[in-house]
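For reference, the structure is listed below as structure tokens.
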Amino acid sequence: MIQLWKVVRHVRQLELHRLILLLIAFSLVSMCFLAYYVTNSPKIKEPPPLPFSDCSNQHRVLIPPQASWRLTKSVDISRTDPVVLVFVESIYSQLGQEIVAILESSRFKYRTEIAPGKGDMPTLTDKDRGRYALIIYENVLKYVNLDAWNRELLDKYCVEYGVGIIGFFKANENSLLSAQLKGFPLFLHSNLGLRDYHINPSAPLLYVTRANEVEQGPLPGDDWTVFQSNHSTYEPVLLASTKSSESIPHLATHKALHATVVQDLGLHDGIQRVLFGNNLNFWLHKLIFVDAIAYLTGKRLCLTLDRYILVDIDDIFVGKEGTRMKVSDVEALLNTQNKLRTLVPNFTFNLGFSGKFYHTGTNEEDEGDDMLLQHRKEFWWFPHMWSHMQPHLFHNVTVLAEQMKLNKQFALEHGIPTDLGYAVAPHHSGVYPVHTQLYEAWKSIWGIQVTSTEEYPHLRPARYRRGFIHNGIMVLPRQTCGLFTHTIFYNEYPGGSKELDKSIRGGELFLTVLLNPISIFMTHLSNYGNDRLGLYTFESLVKFVQCWTNLRLQTLPPIQLAKKYFEIFPQEKNPLWQNPCDDKRHKDIWSKEKTCDRLPKFLIVGPQKTGTTAVHFFLTMHPAVTSNFPSPSTFEEIQFFNGPNYHKGIDWYMEFFPIPSNASTDFMFEKSANYFDTEVVPKRGAALLPRAKIISVLINPADRAYSWYQHQRAHNDPVALNYTFYQVISAKAQARQELRNLQSRCLLPGWYSTHLERWLTYYPPGQILIVDGQELRHNPASIMDSIQKFLGVIPLFNYTQAVKFDEAKGFWCQVLEGGKTKCLGKSKGRKYPDMDSSSRLFLRDFYREHNIELSKLMNRLGQPLPTWLREESKVRV
């Protein structure tokens, strides 16, 4: 019986196990079916979001009669430099950083200082000229509460030079609810909640800002300050009503408008000011801040009202199924383009195509491709890459050109216009850092004259993006607009749809247009299918800009746009090459066949005729030190950073250096003696070689000048042959140009302190070594030991045994095996007559102040004074 019961129980257990397994299998099958159904069923598509409506054209604000249309004193812009002095609470304060960001975006020069409560005010004048055209206080109380001496000093400067002040008052929990601003007929009421922001159309400072609109609804935060005054000097700029039903003491009811930004017309004390009752967090304050800068500087620090925009649509025909454009999307694109043309003359979407992916979508999407081509003449077109490959992956220019030919053939077969002279590389690869093969292929296949990138000099921060010209191609800065290949649905926008709307309504996208005269925006094919966020974004942006500003939105084809850009910013034509390995994004789009290890670790910068060739000669004896390959035109000197060679790019530069066998212990260098006194070199050098050591050799500047003169005579310079040394150095301003040119090359490199200060602007003192050229001539082994220690070269090379003095040559030579010597060429160590006493006295007087400054500089750097400088000091005493 028991045995039977066990058998029955076993059978039941087996059935239960089978049942559980069947249930699990059924569940898995159901889940797979459901996943398949969800994935492949057509998504219920909500209607695309509607762009912002037209301007509301609110009624104008009624301003008390005593506060309208008063004359203000015009700003005299002739006596100050176009520089802004910004007093910040600390270098980390948020408002201070926002102020600086707007100045940098606008390309305005500025200087920041920690606001002094007491203590020294920075120097405000240089002789009879003002150093600053505008003063900005992050915290206006720092200005109001200045000690009497500094306050009088600053106010006197502002009155005498016509300089205005912008100040911000940000209330906190310790702020008095009501108080008078010390020394002013102005009362502050703080820690308020406000709503319904109005713009006073009578405010004189309005320039970009249009006063037709009202920002309805509550303003963020309850820490607002409003201003009250009966003095005629104060003009409201922005006004709002209080949120609560409680009225402000001594003011009207909560429905009245109270000034949150006021303009001081200077009728009280002769100084014009603009005061903000909050920070720059609210977008409208940024707009007014830009207008305040323009007004208080007499439009000297101001962009024109013209704004040029170009909207690129990358990846035409590219994209996975389900994300591409259909016929209805193309119709919407055409419709929106026509609507935008009523607001932006000749607005045209610019389409970038990769022909390989034509007709690779669904049937509906392939019909969308055909619709685009059917209306191809309605748009501008530019070539992407045929297969959307990144150009830096192509090391052979011929293979890269073949890819371009395929895309060009596709364009010709389908009648796509190809005459814009503009192209964009996928992922901006090869544009910057420069891939030489891309520029060559673009020019040979497409005749490209213009491209754009978001990577120069870096992606972030966006306000630093700039343009440049390389190999005849104009490179413009490209802007993002918050739309990428994956941002295709309004309700799935990262952070919520409100983030996109915030960017459009006074946020990042709006500020891009406000602060940049020319903006090229990057979008993608998928942004015009699906929820058509590209159409929504730019129609909304254009309407918002035109409702709230007086900006004149325009567009131009790429070549004309590029010419306009460099007409506005001619200083950007010259690129500033940087180390690709210092930016991960740059390294990712740089050829793997290239290596930053080929860049030199130190530079010998000159000046000329001081002994730099000898230092170069001695250094190359060291087994761990390698110099550049000789140049066919400039011999041992590459002369990269100081002239036309710089525009050939870093690929050209690196070809002069071998690939080191050990990047850690091998030291590569170059010597170009005219780097020292060429103004652009320190900036260029620090951009590409920020960690490089800098070696300069200095001799008595009078001896250097004489040596250069004799050098020119040896090279049969007709001016040096026809004039004595004294005639050259003492030539007057009206002397013939050839004589003045020789005089400059003799004298100006000897202003050592001036040139070294420029190097110290870009390199820290610990990376600069000043070598005593006189000591080098008498004791090279000692000097070379100090250079080795400065560089950190291992092992130390014994120069005492490696060099000896050659009586015939009159200089030190390398000791070779068998006792032979190797000396510098015949052009080195020339014998020539001693300098005449008149020239010596003239030059001693000419260089006196410069040598004094050099002594101070050497002491500041903690480096010993050169022998010749100590001797000159004794003569002065």
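Any Cβ shown, glycine's included, is placed from N, Cα and C.
Per TrEMBL, the features are as follows:
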- 20-38: transmembrane segment (TRANSMEM)
- 80-296: domain 'Heparan sulfate-N-deacetylase N-terminal' (DOMAIN)
- 306-510: domain 'Heparan sulphate-N-deacetylase deacetylase' (DOMAIN)
- 600-850: domain 'Sulfotransferase' (DOMAIN)
- K609: active site, for sulfotransferase activity (ACT_SITE)
- S707, W812, K828, G829, R830, K831, Y832: 3'-phosphoadenylyl sulfate binding site (BINDING)
- C813-C823: disulfide bond (DISULFID)
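The two recorded residues, R830 (3'-phosphoadenylyl sulfate binding site) and C823 (disulfide bond), have Cα atoms 13 Å apart.
Considering only the binding-site residues S707, W812, K831, Y832, the residues lying within 10 A of C823 (disulfide bond) on a C-alpha to C-alpha basis are W812. Across the structure, K609 (active site, for sulfotransferase activity) and W812 (3'-phosphoadenylyl sulfate binding site) are spaced 16 Å apart at their Cα atoms.
Shown are the recorded positions K609, R830; the one with the most C-beta atoms within 10 angstroms of its own C-beta is K609. Confidence in the domain 'Sulfotransferase' (600-850), given as mean pLDDT, stands at 94. Y832 (3'-phosphoadenylyl sulfate binding site) sits 20 Å from C813 (disulfide bond), taking the C-alpha atoms as the reference points.
The Cβ of C813 (disulfide bond) has 19 other Cβ atoms within 10 Å, all protein chains considered. Each residue contributes its Cα atom, and for C813 (disulfide bond) and K831 (3'-phosphoadenylyl sulfate binding site) those atoms are 17 Å apart. Annotation: W812 carries the greatest number of neighbouring Cβ atoms among the binding-site residues W812, Y832 [cut-off 10 Å, Cβ to Cβ]. Using a 10 Å Cβ-Cβ cutoff, S707 (3'-phosphoadenylyl sulfate binding site) registers 19 neighbours.
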